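Colleague: Sending over a structure as structure tokens; questions will come in a sec.
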Amino acid sequence: MGRFIFVSFGLLVVFISLSGTEAGFCCPLGWSSYDEHCYQVFQQKMNWEDAEKFCTQQHTGSHLVSYESSEEVDFVVSKTLPILKASFVWIGLSNVWNACRLQWSDGTELMYNAWTAESECIASKTTDNQWWSMDCSSKRYVVCKF
């Protein structure tokens, strides 16, 4: 009897210690989990700014999807392609050119520019995750992540 209690107690300790690992990670209803993050595909089209705002309203810490690995990309493609078919979804990159330090080919610094007022945002293709620079005001589907 003592051995049974000892073994049962040991199994209980193992169960409790494992319950905090990724195996126990759970996303809210309607969200899919991958590598301790949650994702949801939305079939509404909106511009980039509205899409980012929309994501922040869906769950605490949620934003437009960002990628940390090619495996994560494959997971998101597996979720978007069946729902959205061949289309584009906004990802959490924008104003990429504003972050670059540009200079002329002769080495002088860029002091004057005539860029259009349109800022550029990045969308990914649902079929192969190629990234495309697009006008931020165009309407695309949304994938949120937290």
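Glycine residues also receive a Cβ, built from the backbone N, Cα and C atoms like all the rest.
Straight out of Swiss-Prot:
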SIGNAL    1-23  signal peptide
DISULFID  CYS27-CYS38  disulfide bond
DOMAIN    34-145  domain 'C-type lectin'
DISULFID  CYS55-CYS144  disulfide bond
DISULFID  CYS121-CYS136  disulfide bond
Colleague: Sort the disulfide-bonded residues CYS27, CYS38, CYS121, CYS136 by C-alpha distance from CYS144 (disulfide bond) and give me just the closest.
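Modeller: Spatially nearest to CYS144 (disulfide bond) by Cα position is CYS38.
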Colleague: If I take the alpha carbons of CYS121 (disulfide bond) and CYS27 (disulfide bond), what is the distance between them in whole Å?
Modeller: 28
Colleague: Determine, to the nearest whole angstrom, how far the Cα atom of CYS136 (disulfide bond) is from the Cα atom of CYS38 (disulfide bond).
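Modeller: Pair distance, Cα basis, whole Å: 25 Å.
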Colleague: Count the Cβ atoms, other than its own, that fall within 10 Å of the Cβ of CYS38 (disulfide bond), considering every protein chain shown.
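Modeller: Looking across every protein chain shown, the total is 20.
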Colleague: Can you give me the Cα-Cα distance between CYS55 (disulfide bond) and CYS38 (disulfide bond) in Å, rounded to a whole number?
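Modeller: Distance (Cα to Cα, whole Å): 12 Å.
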Colleague: Neighbour count, 10 Å Cβ-Cβ cut-off, for CYS136 (disulfide bond): what number do you get?
Modeller: 21
Colleague: Count the Cβ atoms, other than its own, that fall within 10 Å of the Cβ of CYS144 (disulfide bond), considering every protein chain shown.
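Modeller: Other Cβ atoms found within 10 Å: 24.
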